[in-house]
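First up is the structure itself, then whatever we jot down about it.
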Amino acid sequence: MILALPIQAAPASPLISTLLLDIGLLTLLVIVAFAIVRMRSLFAIVMLQGVYSLVAAAWFVTLDAVDVAFTEAAVGAGVSTVLMLAAMLLADRESKPIPMNRQWGPLAVVIIAGLAMLYAVPDLPAYGDANSAANSYVGTDYLAKTATEVDMPNVVTAVLASYRGYDTFGEAVVIFAAGLGVLLLLGLNGNAGHFRADVKGRRLSTATAPSGSAKHAEPDEVSGGTARNASGVPPSITQYGEGTL
Amino acid sequence: MTPDTPIRDPHVILRVIAKFLIPLIALFAFYVQFHGDYGPGGGFQAGVILAVSVILYALIFGLDEAKRAFPPALIRVGMSLGVLLYGGTGVVAWMMGGEFLNYSVLAHDAIHGQHWGILVIELGVLTTVTSVMLAIFYAFGSRQPEISDEDW
C-alpha cells in the first residue's frame, strides 16, 4: 500500500501540465477562429486556416491521436492551404461584409445548433473512460487480436487497412470521385493564359503558346483577334488575361 | 522586364532551399508509407506528402515544369489505378477462397497474407491520393496565368 501511493500520486503533475496545454491550445483555436470570422482578406483567411489546422494537429498530439494529428498537419495545414490559394486565383481576394439584417437567420441556426451540441455534451464519455463505446465492444477485440491475427505494431494501420478495409476502400473511392468531379468540371489542362479563347473554346490568339507553329494547321484556328474585329463582329473573349510567364 | 535590365531572381534563396527540400519531402513520404506498419502514417498521409513535394516544385519552378516532371496523363491513370489496386486485392482474395478484402488467404499463412494485403492496398491508397491531390491542384492552377508577387 505504501509503495502504491507514489504511483497513484505521480500522474497528478503531468495531468495538470497537459490540462494547461490543452486549455492553451483550445484558446488559441478559438482566437484563430474569431480572427478568421473578422477578416476580410481571403489570403489572410487561408493562411489562418492553415494555422488553425496546425494548432489542431498539436492538440491531437496531446490527446495521443498521432495518426489523426499527422493527417491534420499534412492535409489541413499543407495541401488544403495550397488548394485554397489555387482556387482563390480564380475568385476574388476580398470578401464583402454582409449587412446585419441578413445575418439574423444564420445567427439563429448557429445558436440552435450550439445549444443542441451543448445538450449532447453530458452524453459524451469522459476523457480516458475505460467503459466508453470506443474502449469496449470491437475496440478491445482489435487491440487484443491484432498481435496474433495481423501481427503489426501499429494497431491503427491494422484496423484501418485490415479490420476496417471496407471503410478505407470507401474512402479511397470518395477521394477518387472528388478528383473525378474536379476533372470533369475544370479539366487537367487549362491553358493558363497562354492563349485567348472565345466562348466556344476556339483560340483567338496563340501569342505565347510554346508550339504555335504546329497549331496553325488546325482548321478552327483564327490567327488573332484582328481579322474578326475588321469584319465588325466583336469577338466575345472569355477573359483569361495575358500570360505573365 | 525589358531585355537590357539584368536578370535578378528575387527568389534565389527560395529556389535553392526548395531544391534541397523537395527530394527530402518525397523521401519522407515514402518513409511514412512503408513505416506505417510501425509508426503513425500510411497511404493517405504519404500520398498527401508526396503530392505536396510536387506542388512545392510547381509553386517554385512553375506549373509547366511540374507538369513535365509529373505529367497529367500519368495522374489520370494513377487516380483510377490506385482504386483498381485496392479493389483488385479484394477480388483476388475473393478468387483465392476468402471474403472480399480478407487478406488472410493471399499467402501461405494468414499473417503473411495480411502483411501482403495491407502493403498492396496502402500502395493503392498512395497512388490514388497523390494523383487526386495533384489533379485538383493542376485543375485549379491551369485555369489562370501565374500572377506576379505584388498581385497577391
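Heads up, the Cβ atoms here are built off N, Cα and C, so glycines get one too.
Feature annotation from TrEMBL assigns transmembrane segment to A:15-37, A:42-61, A:73-91, A:103-121, A:172-192. What TrEMBL lists as domain 'MrpA C-terminal/MbhD' is A:28-88. If you look up TrEMBL, you'll see A:107-186 marked as domain 'MrpA C-terminal/MbhE'. Look at TrEMBL and you will find A:206-245 tagged as region 'Disordered'.
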- Note on the structure: Across the domain 'MrpA C-terminal/MbhE' (A:107-186), the model's average pLDDT, rounded to a whole number, is 88
- Item | DSSP residue counts for the domain 'MrpA C-terminal/MbhE' (A:107-186), split into helix, strand and coil | 63 helix, 0 strand, 17 coil
- Would you list the DSSP helix, strand and coil counts for the residues of the domain 'MrpA C-terminal/MbhD' (A:28-88)? 55 helix, 1 strand, 5 coil
